[in-house]
Amino acid sequence: MSKSVVILGSTGSIGTQALEVTQTLGVGVEALSGGRNEALLLEQIHAHKPQKVFLPQPSKGFLKNLPSQVALFAGTQGLEEMLESCRSPVILNALSGFAGLKPTLSTLQHNKTLALANKESLVVAGWLLDTKGMIPIDSEHFGLWSLLQGRDIQEVAQLYLSASGGALRDLEPEQIPYQSLEKVLKHPNWDMGAHITINAANMLNKLFEVLEARWLFGITCIDACIERTSSVHALVRFKDQSLHAQLSTPDMKLPIAHALAPKQACQQASIAPLDLCDLPPLKFEPIDTRKYPLWALKDTLLENPKLGVVLNASAEVACQAFIKGQISFGQIVGVVQESLARFSNATKSLANLEDIYTLDAQVRASI
């Protein structure tokens, strides 16, 4: 069991759940990092008593209320400096977006276990990362990982990710592009941050997860289907044509627990049990590209996974523009499609981390 952990992005959805898990499993918290929610971060500091905290630009009020025994790191290099000073064997990266890449690289370079909830790290740089040091914090990839224990990847015929369909799944295709932010954020099964909830409604999130699975498991035979209850998280079809599924209550605390304290997580419940006799009928549906046109990009991305840099940059810009009311929900699709078409050849020259940052900046500047 990990004696202590570092949680990056502690005030977000995954971060707050991770702190609950540390209490359940008796794992200490060495350090936290937060963003804009200073009030919640201060509450977490008082409750979990970390030795170190990172905040990019702490206010005078935050500084006044910060316990004197807590070491504060701030500024552009503060997070890197905090990570270098930490001794915990496990770093949980729950940062949102492209900003999570540098902490991912730093953690792996220091030979620490990376509990990775930051999808973007793998989406944009999976080809540069040593995935052996990673434990995915994602219900689908945790499901795949658990199904593949003790099995040779050569035995696998197909990996399947499940998708809920998002908040707009019951609408007609022609209605979807004009839905409001309020409606898009009403996810039927999960309580998540705004960006990932929006991306769930148009299958951008599932494209991210396909690329994650490609790098984590080293194969390209990956597909997804809609399972509305979010009780089935992943399936594996083996070459003998047996089909194995992983089911659990839709609760991120399960993969978090296995990442932070795997032995204890196997012996102690961190989530409510799934009552098989009380389950609604399970139905698997193909993803309809009339409702989710971005899903048509799946095979292109698997053929050229370095396009993940373009996919992520365009998705982040478009999603933020939708949140600000600058574009409609349906226009996100066009932004992503146009960016992938414009920069389809740019990935051929990607050779290192600097190239990734350069292409990311170019994509963002072009939108």
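Quick reminder: no glycine exception, Cβ is built from N, Cα and C everywhere.
Quick caveat, the model's predicted, so the values are computed rather than measured.
According to DSSP, Asn37 (NADPH binding site) is assigned to coil rather than to any helix or strand. Of all the Cβ atoms in the protein chains shown, 15 others lie within 10 Å of the Cβ of Asn37 (NADPH binding site). The NADPH binding site feature in TrEMBL is assigned to Thr11, Gly12, Ser13, Ile14, Gly35, Arg36, Asn37, Asn118, Glu120, Gly193.
Of all Cβ atoms in the protein chains displayed, 18 besides its own lie within 10 Å of the Cβ of His187 (1-deoxy-D-xylulose 5-phosphate binding site). His187 (1-deoxy-D-xylulose 5-phosphate binding site) falls outside any helix or strand according to DSSP and counts as coil. Here TrEMBL flags Lys119, Ser139, Glu140, Ser164, His187, Asn205, Lys206, Glu209 as 1-deoxy-D-xylulose 5-phosphate binding site.
For Asp138, Glu140, Glu209, the entry in TrEMBL reads Mn(2+) binding site. Other Cβ atoms within 10 Å of the Cβ of Glu140 (1-deoxy-D-xylulose 5-phosphate binding site), summed over all protein chains shown, number 26. In the three-state DSSP reading, Glu140 (1-deoxy-D-xylulose 5-phosphate binding site) counts as helix.
Look at TrEMBL and you will find 5-126 tagged as domain '1-deoxy-D-xylulose 5-phosphate reductoisomerase N-terminal'.
The feature domain '1-deoxy-D-xylulose 5-phosphate reductoisomerase C-terminal' is assigned by TrEMBL to 134-217. For the domain '1-deoxy-D-xylulose 5-phosphate reductoisomerase C-terminal' (134-217), the model's pLDDT averages out at 93.
Counting residues per DSSP class in helix, strand and coil order gives 76 helix, 3 strand, 40 coil for the domain 'DXP reductoisomerase C-terminal' (247-365). Feature annotation from TrEMBL assigns domain 'DXP reductoisomerase C-terminal' to 247-365.
Here the Cα atom of Asp138 (Mn(2+) binding site) is found 9 Å from that of Lys119 (1-deoxy-D-xylulose 5-phosphate binding site). Across the fold, the C-alpha of Lys119 (1-deoxy-D-xylulose 5-phosphate binding site) and the C-alpha of Gly35 (NADPH binding site) stand 18 Å from each other. Within 10 Å of the Cα of Ser164 (1-deoxy-D-xylulose 5-phosphate binding site), not one of the binding-site residues from the list Ser13, Gly35, Asn37, Glu120 places its own Cα. Put plainly, the binding-site residues Glu120, Asp138, Glu209 were compared by Cβ crowding within 10 Å, and the winner is Glu209.
Note: the Cα of Asn37 (NADPH binding site) and the Cα of His187 (1-deoxy-D-xylulose 5-phosphate binding site) are spaced 23 Å from each other.
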